[in-house]
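Look at TrEMBL and you will find 1-20 tagged as signal peptide. Per TrEMBL, the feature domain 'GAIN-B' maps to 84-241. Residues or ranges marked as domain 'G-protein coupled receptors family 2 profile 2' in TrEMBL: 250-509. If you look up TrEMBL, you'll see 250-273, 285-303, 323-345, 357-378, 412-437, 458-481, 487-506 marked as transmembrane segment.
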Amino acid sequence: MDRCGALFLCLCLLMSQSRTEEASQEILRWMERMEMAARSRSLTSFAELIHGLESRLLNASFGGHNLTLRTHTIQTLAFKLGCNFTGLSLRSAALEQVPQVRGGQGLGVPLAMQFPAQLTRDACRVRSRELSLVCICFSNTRFFQKDINSSVLNNYVLGAQLSHGQVSNLSEPVNISFWHNQSLEGYTVTCVFWKEGASKHHWGAWSTEGCRTEQPSPSQVLCRCNHLTYFAVLMQLSPAPVPAELLAPLTYISLVGCSISIVASLLTILLHLHTRKQSDSITCIHMNLHASVLLLNIAFLLSPVLAMPPVPGPACVALAATLHYALLSCLTWMAIEGFNLYLLLGRVYNIYIRRYVLKLCALGWGGPAFLVLLLLAVKSSVYGPHRIPLSDSRGNSTGFQSTSICWVRNPWVHGVLVMGFGGLTSLFNLVVLAWALRVLHRLRAREKALGPRACWDTVTVLGLTVLLGTTWTLAFFSFGVFLLPQLFLFTTFNSLYGFFLFLWFCSQRHRSEAEMEASSSSQMVQ
């Protein structure tokens, strides 16, 4: 009986090994087929190929606790897990070693994943069973859509799937580490995951939802995500980093300036509501500009606070959309001020426009609202935490020190609906300002007036410069030797923009009262 038992055991082992080899060969053939499809750029669906590989790995029978297979560009690992799972840490030891970076010790692997114990809890609540976990590493990005504005760090895409289905909303995140030995100077790195069905032209698209990016060292990017899928690190060209030592003074200037502007704008609106008798269109336009500046300053002060990790993502998305809306509204009302100034000085005869103020309000408030709501409806991930890279005083790119605000994250949207929109508004108002100054010069040349009239002209020129928002053109000088002066000038002038408008309002009110007194005194003399 003992001999029979031993023979039977050997036979079972041989059969099990045979099944394992058959499953391994089938999976390897499928992986080779995937590589051929990627090289030939055939019409085969990449989604079907990847899902087919996942299915074969999850259903593969193998002895021991894991199965490792590898081709030229694909590496797969399959594990058996039980309901007593306490966590798992993986390192891709089969990949090449990363050299020593900045005094740190050489790392044996460039990739690692750490799974929390919570991974199997949902599956085990249904029924106690053996689970399979598969990890797939791609060393090229041909199976995934390439963003023309970014590249994938080291061309690595790392994914994981559990046999019981989708894993999401984990309270303990899955940690994915990407090591590298390249300089990230001039780049912004962002952890992303592959979201199926998010693109009309491909089987998915990169998204940042549920992932947080950290950089513990110059050679490591750490992604903390609350779900399982395919992960990568996108590298995007970023603007010149802000010197780290200037962050504190710039933040202080912004805080003080925006607070003063909030009080000034609020005081202006309250004074207008308290003293007005019959508002004309000019005053109504000024008050709407004050309201947009008030909203912009409040949203800006709250933006860094809600970008902190404990705050839920939807709150930051909502605030980022509000901040973008406030900026677009403010720029639109600046353009409306320029258009109204053209009507006042360029038209000799009184032009009546039916419901003029109502139409301007629809444009100034409704137009930006339509654009922002359209962006939220098409792709809400356009808004969210936006990382601002910092650099040290020696000019070394830190890339690992940063600050975040709730703002526009998509470079195309930022380029078109922030810089482009602001550029067109600034250009239009600069043309109007130059033309208005020419008209005023001609009028004063005819009158040949000096003294108090010349002082009022100086105030008028300064007021029009502020009213039309020409200081916002400083945003286009954030490069080279202009960067540091531009940071302080832009922050100072535009954080105090509401206060400058308040001074313009007071000067116009004082001038109007002086003219009324002069007119009444002349009538009494007559």
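The chain as shown is numbered from 1 upward.
Including glycine, each Cβ sits where the backbone N, Cα and C put it.
Annotations in TrEMBL come from automatic prediction, not curation.
Note that the structure is a prediction, hence the values are computed from the model and not measured.
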Six or more residues beyond either end and a Cβ under 8 Å away: which residues meet both conditions relative to the transmembrane segment (323-345)? 281-282, 285-286, 288-289, 292-293, 295-296, 299-300, 303, 351, 360, 363-365, 367-369, 371-372, 383, 406-408, 417-418, 421-422, 425, 428-429, 432-433, 435-436, 439-440, 464, 467-469, 472
Among 285-303, 357-378, 412-437, 487-506, which stretch has the highest count of C-beta pairs below 8 Å with the transmembrane segment (250-273)? 487-506
Please tell me whether the transmembrane segment (487-506) and the transmembrane segment (285-303) touch - that is, whether there are at least 3 C-beta pairs under 8 Å between them, with each pair 6 or more apart in sequence. yes
When you scan the chain for residues with a C-beta under 8 Å from the transmembrane segment (285-303), skipping those not six or more beyond its ends, what do you find? 254-255, 258-259, 261-262, 265-266, 268-269, 272, 279, 319-320, 322-323, 326-327, 329-330, 332-334, 336-337, 340, 357, 360-361, 364-365, 405-407, 467, 495, 497-498, 501, 505
